[in-house]
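One structure below.
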Amino acid sequence: MAADAEPLSPPVPEAKFKRVMLKISGEALMGPQGFGLHPPTVERIAREVKSVHDLGVEICMVIGGGNIFRGLQGSAQGMERTTADYMGMLATVMNALAMQSSLEAMGVFTRVISAIPMDQVCEPYIRRRAVRHLEKKRVCIFAAGTGNPYFTTDTAATLRANEMACQAIFKGTKVDGVYDKDPVKYPDAKRFERVSYDEVLAQHLGVMDASAIALARDNNVPIIVFSLDEPDGFRGILAGQGTYTTVHG
Ligand code: UDP
């Protein structure tokens, strides 16, 4: 934690962590469609977030933009890379607003906080202000990635988790942890209970991109990989149950 970070409020007895980062990909919001936002899926994930919020856990979120636009795809089609990346970052703002709308309809107060200022739409990122929102139990949805091209929202999630002094990064995926090979293709794939940052990097285990893993390693923030499709999965882990993999130091 940075020396000038504000002190955290007292710990929550039921939950294993007091402040966490939840990272989900944009694709997690597209449900059975091949593109864009699927409102019932957004609502289902918002409900999971609310159930953890109800435990008193302070929640940061980063949502990717891959359901709308990815910079690499744009540049593969001839678009200038940095422009394409800015379009990807803007896509994450749309996803963040959709999640905000769904959470607030359930009575959860939120802030969308963008790395690229767009005052009419959401707040600009100011670290101390974001910390204050968390202390007031507002879910902070960090949008527009890091604000820089050539990065990903995995790196943005790790960066903000470090800045917000999150105790863990929850990476919601389609499977319930990290496997030695793709469990969808190989039925004999083995799931790790725990795996180190270095093993993830050396074996290219594909948890998050390498810069995100290295940033988590530098600050020793555990990454908990779990299935977003498991009902109550996020809350279960906070309560000490469920199947997942911890990436650690
Ligand atoms: N992006 C970027 N800088 C960042 C974060 C994201 O340029 O700090 C762009 C990049 O083009 C990326 C897109 O935003 O492809 C969407 O983010 P990402 O691919 O991480 O989304 P996800 O795969 O998690 O849905």
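Note that Cβ sites are derived from N, Cα and C of the backbone, with glycine treated the same way.
Unlike curated records, TrEMBL annotations are generated automatically.
Among the features that TrEMBL reports, domain 'Aspartate/glutamate/uridylate kinase' is placed at 18-227.
All protein chains included, Lys23 (ATP binding site) registers 27 other Cβ atoms within 10 Å of its own Cβ. Feature annotation from TrEMBL assigns ATP binding site to Lys23, Ile24, Ser25, Gly26, Gly66, Arg70, Thr173, Tyr179, Asp182.
Tertiary neighbourhood of the region 'Involved in allosteric activation by GTP' (31-36): same-chain residues 67-68, selected by CB-CB distance under 8 Å and a gap of 6+ residues from either end. For 31-36, the entry in TrEMBL reads region 'Involved in allosteric activation by GTP'.
Just so you know, the Cβ of Asn148 (UMP binding site) picks up 15 other Cβ atoms within 10 Å once every protein chain is counted. Asn148 (UMP binding site) falls within neither a helix nor a strand when secondary structure is assigned with DSSP, and so counts as coil. What TrEMBL records for Gly65, Asp85, Thr146, Gly147, Asn148, Pro149, Tyr150, Phe151, Thr152, Thr153 is UMP binding site.
Only Ser25, Thr152 of the binding-site residues listed as Ser25, Thr152, Asp182 bring a Cβ under 6 Å of any atom of ligand 1; the order follows the sequence. According to DSSP, the secondary structure content of the region 'Involved in allosteric activation by GTP' (31-36) in residues is 0 helix, 0 strand, 6 coil. The two recorded residues, Tyr150 (UMP binding site) and Gly66 (ATP binding site), have Cα atoms 14 Å apart. Counting in whole angstrom, Thr146 (UMP binding site) lies 14 from Lys23 (ATP binding site) by their C-alpha atoms.
The Cβ of Gly66 (ATP binding site) lies under 8 Å from the Cβ of Ser25, Gly26, Glu27, Gly88, Ala91, each on the same chain and at least six residues away in sequence.
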